[in-house]
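Colleague: Quick paste of what TrEMBL says about this protein:
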type	residues	note
TRANSMEM	39-60	transmembrane segment
DOMAIN	126-331	domain 'ABC transmembrane type-1'
TRANSMEM	128-150	transmembrane segment
TRANSMEM	162-190	transmembrane segment
TRANSMEM	210-231	transmembrane segment
TRANSMEM	268-292	transmembrane segment
TRANSMEM	312-338	transmembrane segment
């Protein structure tokens with residue numbers, strides 16, 4: 001006989017754990033609250049950054065009306081331009097209007113003839129600086145990670161001292177000196193690379209990489225010593241941990257211990273430094289961009305500030321600052337991916 005109304009009891013193994021369900025629910029709620037808190041924090045920081053950028057840019061010396069019309073014009077003409085630009089309005093009201101335009105993707109119009117669109121100028125300059133920064137950091141990591149591992153493997157040995165001396169020597173060379181040396185040798189002496197030319201990646205990838213090589217090397221030389229010394233120090237400390245000593249006792253090869261046991265927990269500091277370096281390099285490569293005549297963000301800001309071109313200065317500084325904040329947020333998120341302990345603590 002079949003009893004349809006009789007409920008067959010489940011075995012304990014097939015019954016879902018109430019505690020596990022509650023734990024998953026709580027974990028999801030904690031993650032949701034954490035994401036919401038991060039979003040609120042990010043928006044707040046960006047608003048503060050935009051306000052500071054606008055106010056500091058407004059304090060730059062120079063009269064935008066003079067920048068547009070030039071010297072020797074009647075006072076009435078200058079007054080009319082100031083009125084058209086809204087310079088007679090209260091500073092806070094100007095900030096609100098400017099922020100509203102920025103949120104719509106409109107950074108205004110340049111003050112210097114031919115009065116080009118600021119958004120288009122930023123969209124043209126930002127990829128140049130971003131590409132150089134990313135390529136330089138990748139090159140620096142490809143060189144720094146093996147050097148740090150070799151130094152940490154025999155800390156205090158001959159190889160370690162040689163690597164330390166090399167990185168210290170590179171660190172003592174200013175970026176403009178390194179750039180000038182590369183130009184003198186690779187451009188003037190052997191004519192291997194052009195000096196003052198840039199090809200966008202959308203036009204030709206091989207030509208772009210060819211023209212970006214020397215600037216990329218110049219920037220990478222600034223980062224290699226920092227990455228190498230920091231990672232080497234963390235690796236030396238990690239190699240003394242109990243779990244590494246246990247792996248050695250099991251007879252695991254040294255290269256496997258270095259790659260799979262020591263490198264990952266030693267990479268947290270380098271993740272932070274790489275993120276901060278990427279954010280700062282986008283706007284701080286003025287010397288390199290000037291040496292190689294590159295149309296990046298750094299050279300754009302310096303030129304605009306010298307000409308008193310307020311809209312470009314405000315837009316460029318805001319873009320650089322927002323990039324810095326966003327990259328820092330991504331670095332925080334990367335920690336939970338790299339370190340399972342942080343991921344478990346957040347859940």
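Using the three backbone atoms N, Cα and C, a Cβ is placed for every residue, glycine included.
All annotation found in TrEMBL is predicted automatically rather than curated by experts.
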Colleague: What same-chain residues lie close to the transmembrane segment (39-60): Cβ under 8 Å, and 6 or more beyond its ends?
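Modeller: Beyond its ends, the transmembrane segment (39-60) has Cβ neighbours at 91, 94-95, 98-99, 102, 305, 308, 310, 313-314, 317-318, 321-322, 325-326, 329.
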Colleague: When each of 128-150, 162-190, 268-292, 312-338 is checked against the transmembrane segment (210-231) for Cβ pairs under 8 Å, which one has the most?
Modeller: 128-150
Colleague: Counting Cβ pairs closer than 8 Å, which of 162-190, 268-292, 312-338 has the most of them with the transmembrane segment (128-150)?
Modeller: 268-292
Colleague: Using Cβ atoms and a strict cutoff of less than 8 Å, what residues sit near the transmembrane segment (312-338) while being 6 or more residues removed from its termini?
Modeller: 38, 42, 45-46, 49-50, 53-54, 56-57, 60, 98, 102, 107-108, 110, 118-119, 121-122, 125-126, 264, 267-268, 271-272, 275-276, 278-280, 282-283, 297, 300-301, 304-305, 346
Colleague: So which residues does the transmembrane segment (268-292) touch in its own chain, when a touch means Cβ under 8 Å and the partner is 6 or more beyond its ends?
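Modeller: Residues 126, 128-130, 132-134, 136-137, 141, 175-176, 179-180, 183, 195-196, 198, 214-215, 218-219, 223, 226-227, 230-231, 234, 298-299, 301-302, 316-317, 320, 323-324, 327-328, 330-331, 334-335, 338-339 contact the transmembrane segment (268-292) from elsewhere in the chain.
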